[in-house]
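Working notes, structure below.
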Amino acid sequence: MSSDSPAAGDGGEQAAAGTSVPSPSYDKQKEKARVSRTSLILWHAHQNDAAAVRKLLEEDPTLVHARDYDKRTPLHVASLHGWIDVVKCLLEFGADVNAQDRWKNTPLADAEGARKQKMIELLKSHGGLSYGQNGSHFEPKPVPPPIPKKCDWEIEPAELDFSNAAMIGKGSFGEIVKAYWRGTPVAVKRILPSLSDDRLVIQDFRHEVDLLVKLRHPNIVQFLGAVTERKPLMLITEYLRGGDLHQYLKEKGGLTPTTAVNFALDIARGMTYLHNEPNVIIHRDLKPRNVLLVNSSADHLKVGDFGLSKLIKVQNSHDVYKMTGETGSYRYMAPEVFKHRRYDKKVDVFSFAMILYEMLEGEPPFANHEPYEAAKHVSDGHRPTFRSKGCTPDLRELIVKCWDADMNQRPSFLDILKRLEKIKETLPSDHHWGLFTS
């Protein structure tokens, strides 16, 4: 981890007294170091690593006021998870006990929402107040479903048959199982009963349902309904028999250019739909695990999992949003997200480039790095190396454009679609491909 030396900092302030003005490269190095430390302190606060948090604060005490995209401080993060030692360290270094995030929640409000009793007592002893949507000073109101009253997507829990349920996936908020609804196999995201009263969880659940209700496209996983009036909360989508792209690539390895382009076209069609103005939906977590195969024949893909997506009303096509948190998966993360800078829908284009690279190469980008280190490597300007003979010059050029460090230089998904269609015309069918590569 790089850090700014005190001598260098003093020299910059004394430039008027005769020392030279720092070069642009020096300024860039300082910016990289600052961004890296901001990311690290939020990460270590989340991981309950008090020693690492202390080390960072000793090097740069201003990091105690670091913020992510949602304006959450390290104190918010640690308080939510109940990490006592981390919170004590942050308070020792002068953390604002009543800092408010974008929803006006204080750390105490988060601790109350997560029912962390010891944390609640600790924060109160340091003058913590409970304000925001999650706090005790917020007037409790019943949580309505995204579309009010008797909507036709509300599903009665009794209609769901879990007698032969099979686990598909599991996360911190709940699990996804294959079940049956009116005789049809479906995928059910089921929120853990212990979290069904958590306002933050309910807020995220409502957001995902509200988003999915609006989506209708052949390359987007189809929303079928939800259980919002009883516990546990459940979200029901179509069940896709082919599994996810991550598992498919793990089993198959690198794909032929023709197959990779066909897969990429499906992803790009879905993303073009999501990015359509004026209601732009930024996925923010586009990765192989969130791309699903319709069947075992793998002839059709759909984009799914909108838990981290954001619906943005665009005033003009060049709008950039103040979204600076490390939202999404590190290995596929755009550098501007990792660096906590302003970003827009082009973050999805970057992730798409990494997926297309993985489809052709047969392994994840920077597979020999841990996910966080891979994201840091990318933010420092590095990109994965092309090794596959199947990566044609046209495909390589497209990938390089899509993972450009400057988000403004990345093409739109509509442009990507046009490029892919042209590339597809130049490729042989799969059963002829071996003749060209043997």
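Note: Cβ is positioned from N, Cα and C throughout, glycine not excepted.
Just so you know, the Cβ of ASP285 (active site, proton acceptor) picks up 20 other Cβ atoms within 10 Å once every protein chain is counted. The active site, proton acceptor annotation in Swiss-Prot covers ASP285.
Of all Cβ atoms in the protein chains displayed, 18 besides its own lie within 10 Å of the Cβ of ILE176 (ATP binding site). Positions annotated as ATP binding site by Swiss-Prot: ILE168, GLY169, LYS170, GLY171, SER172, PHE173, GLY174, GLU175, ILE176, LYS189.
Residues or ranges marked as domain 'Protein kinase' in Swiss-Prot (evidence: sequence analysis): 162-427.
Among the features that Swiss-Prot reports, region 'Disordered' is placed at 1-31.
Model confidence over the repeat 'ANK 1' (36-65) stands at 91, taken as the mean pLDDT rounded to a whole number. For 36-65, the entry in Swiss-Prot reads repeat 'ANK 1', with the evidence type sequence analysis.
Taken from Swiss-Prot, the feature repeat 'ANK 2' applies to 70-99. Same-chain residues lying 6+ beyond the ends of the repeat 'ANK 2' (70-99) with a Cβ under 8 Å from its Cβ atoms: 41-42, 44-46, 48-50, 53-54, 57, 61, 63-64, 105-108, 110-111, 113-114, 116, 118-119, 122-123, 126-129, 131, 200, 325.
Annotation source Swiss-Prot lists repeat 'ANK 3' at 103-133.
Cα of ILE176 (ATP binding site) to Cα of ASP285 (active site, proton acceptor): a distance of 17 Å. Counting only same-chain residues 6+ beyond the ends of the repeat 'ANK 3' (103-133), those with a CB under 8 A from a CB of the stretch are 70, 73, 75-76, 78-82, 84, 87-88, 91, 97, 198-200, 203. ASP285 (active site, proton acceptor) is 18 Å away from GLY174 (ATP binding site) when you measure Cα to Cα. In the three-state DSSP scheme, GLY174 (ATP binding site) falls into the strand class. In this structure, ILE168 (ATP binding site) is part of a beta strand by DSSP. ASP285 (active site, proton acceptor) falls within neither a helix nor a strand when secondary structure is assigned with DSSP, and so counts as coil.
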